[in-house]
Amino acid sequence: MKIGILALQGAFAEHAKVLDQLGVESVELRNLDDFQQDQSDLSGLILPGGESTTMGKLLRDQNMLLPIREAILSGLPVFGTCAGLILLAKEITSQKESHLGTMDMVVERNAYGRQLGSFYTEAECKGVGKIPMTFIRGPIISSVGEGVEILAIVNNQIVAAQEKNMLVSSFHPELTDDVRLHQYFINMCKEKS
């Protein structure tokens with residue numbers, strides 16, 4: 001099994017460490033050539049946290065947006081954390097256009113405010129259990145379509161969800177020692193292969 005990690009910007013190295021802990025091979029995807037070279041071998045894709053506007057621009061500049069979108073729509077399992085969640089959203093409240101736009105949800109960027117407004121908590125995540133959650137200027141999911149399953153709620157806000165082959169979290173599971181949400185994603189990838 002090999003998981004691709006979008007490595008244009010953001011917390012990609014931390015995701016690679018978690019996958020290594022789980023004994024799963026990962027490959028950093030920095031450009032279209034990387035993606036096309038590894039695409040047939042990929043069991044899944046992680047879109048890490050970072051700055052969603054910058055990541056969206058880089059995806060467009062590298063001509064990666066459409067090939068990744070097509071792969072996701074064709075069933076490639078994808079896990080978007082924080083900015084990665086924003087990339088997957090069909091609608092972003094403060095923007096005119098979405099990025100990948102594959103997941104039926106409306107999101108609000110930087111809902112948890114500035115860096116100083118960031119926080120840590122623990123909450124129940126369906127299918128995983130009670131897990132630690134680190135929020136760093138994270139988005140919230142304002143609403144979801146009928147096909148989207150809500151996995152976690154914190155302070156009456158949706159912070160994790162799944163739609164078919166797409167898993168998202170507003171928080172950063174890669175910044176804790178708890179690997180269960182990544183294991184949940186690995187299990188999704190195994191079911192698809």
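Placed from the backbone N, Cα and C atoms, the Cβ positions cover glycine too.
On a predicted model such as this, the values are computed, not experimentally measured, just so you know.
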Task: Residue in Arg30, Arg109 which Swiss-Prot records at the L-glutamine site where Gly50, Glu51, Ser52, Ile136, Arg137 also bind - done: Arg109
TODO: Compute the C-alpha separation of Ile136 (L-glutamine binding site) from His172 (active site, charge relay system), stating it in Å without decimals.
DONE: 8
Open item on the list: Using a 10 Å radius around each Cβ and all protein chains in view, which of these recorded positions has the most neighbours: Glu51, Glu174?
Closed with: Glu174
TODO: Measuring CB to CB from Cys82 (active site, nucleophile), give everything in the same chain under 8 Å that is also at least six residues away in sequence.
DONE: Ala11, Pro48, Gly49, Gly50, Ile136, Gly138, Pro139, Ser169, Ser170, Phe171, His172
